[in-house]
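Here's what TrEMBL has on this protein:
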type	residues	note
BINDING	Lys128, Gln191, Gly221, Asp252, Lys395	UTP binding site
BINDING	His222	substrate binding site
Amino acid sequence: MDLLDLSSFVRGHRRTGSDVQFIERTRLDAVKAMNKELAKLIQTGPPGLQERIRAEFDEFEKLFGRYLQEAGHAIMWDKIRLVSDDLVKTYSELQSPETNAIKALLNKLVVVKLNGGLGTSMGCKGPKSIISVRNDLTFLDLTVQQIEHLNKTYGTDVPLVLMNSFNTDEDTEKILQRYQQVKVKIFTFNQSRYPRISRESLLPIANSFNTENMESWYPPGHGDVYQSIANSKLLDQFIADGKKYLFMSNIDNLGATVDLNILNFLLNPKTGSAPEFVMEVTDKTRADVKGGTLVEYEGKLRLLEIAQVPKDHVDEFKSVSKFKIFNTNNLWISLDAIKRVVEENTLHMEIIVNPKTLDNGLNVVQLETAVGAAIKSFEGAIGINVPRRRFLPVKTTSDLLIVMSNLYSMKTGALEMNPKRSFPSVPLVKLGSHFTKIKDYLHRFASIPDMLELDHLTVSGDVTFGKNVTLKGTVIIIANHGDRIDIPSGAVLENKIVSGNLRILDH
């Protein structure tokens, strides 16, 4: 029985003194064993990197120690309070800056994009940020275009910073060479590389630090950004350059553009001091029920993720009527405050325990943290309820279909909802497993359909689309196993269910 099992085994019973002593001894043994194994791994690292590896492993050991200490300490549901109105501002309350003030505002900003993820879930090799999303432009191209447009328009020098992981760093550095003539200074730093631990032994599965067996390592979630940007010395550099806030978001959120109203609110507060931390939230729909939400817990603003919710309260958490907002992961954070919480060691983020089974059948555990969970460590933190257009993530080919369609037009790297769409909501699109990989998805659309009047699209099975197809209202297309449906070129489907076997043959 591993230590986690032990904690859960005794959780429901009243622990005796000897129980507690036994658990504490077991915990101390696990901490000592981990320390010994990590010391061995450091010795296998390249001599020039050993100091950096040691710094990363120190942080990992703190996380591991907390994991053992906190095992079985679930969130107390009855202590959760709905967030009060004064802690979530409405975007419409914010004022736009005067045009002549914009340059000074932008000169105090750093843009950070989280660029640690791979495109494997969409069948692509390499960093997700190099997937083409529109007009052969990648996530990274669009980001660079947006910031170059700001710098050229206002005569500013907003830097772009990419937080890479060991999975994306090498490929990203090669790609960045093509932006040398662009008016954007681009910086990179790497998030940590932590060892996966065996579920049984609670020890690292890696035997050495070499790069041959990358399955033994993992990037520990985007909560690592605070410590990693501080370790990289970029934090000190930006503070010395007079920068005040960073705007951080996932690189695959195409709605996360620099917002001058939020920046103005932070740098020109009307009353008192500005919040050190702002989380952009937006209204929850049925498509967002798993998204983390802001709550008040023990007197502090806190990000509540679905993984932390007790099983018998999950349906309540997913309720659109009770928890009405969710975290977009667009965050605005004071650079001075990041420096303070890192140096004073007051940063606290809940641990996300991510169990995985590797290809070789080994059961491992990854200990991760989420960047938004640090909200409670900053002074005056608030949420701002922003329009839905600021949350446009591309996680699947279903999302990709939406952003490639005529629902959006593109202007200087930013997507804007087509003004011809009569209502601002994005349609619900669910493409089946035949469309999961980008290569298959592109093969199944001769051209992207007209979706201007679409509410809901579900496609399941072996389905292909001809050129210039128009989809309106609710369209459901289901090809049963062994059947195939070809939607003919020029077809207009409005409030239609198509099923069975429909093959159009060209003569």
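Glycine residues also receive a Cβ, built from the backbone N, Cα and C atoms like all the rest.
The residue listed as 'substrate binding site' and Lys395 (UTP binding site) are 16 Å apart (CA-CA, integer value). Comparing Lys128 (UTP binding site) with the residue listed as 'substrate binding site', their Cα atoms are 15 Å apart once rounded. Among the binding-site residues Lys128, His222, Lys395, the residue whose Cβ has the fewest other Cβ atoms within 10 Å is Lys395. A separation of roughly 8 Å, to the nearest angstrom, links the Cα atoms of Gln191 (UTP binding site) and His222 (substrate binding site). Listed in sequence order, Ile352, Glu368, Thr369, Ala370, Val371 are the same-chain residues six or more apart from Gly221 (UTP binding site) with CB atoms under 8 A from its CB. Note: the CA-CA distance between Asp252 (UTP binding site) and His222 (substrate binding site) rounds to 14 Å. Within 10 Å of the C-beta of Gln191 (UTP binding site) we count 28 further C-beta atoms, all protein chains included.
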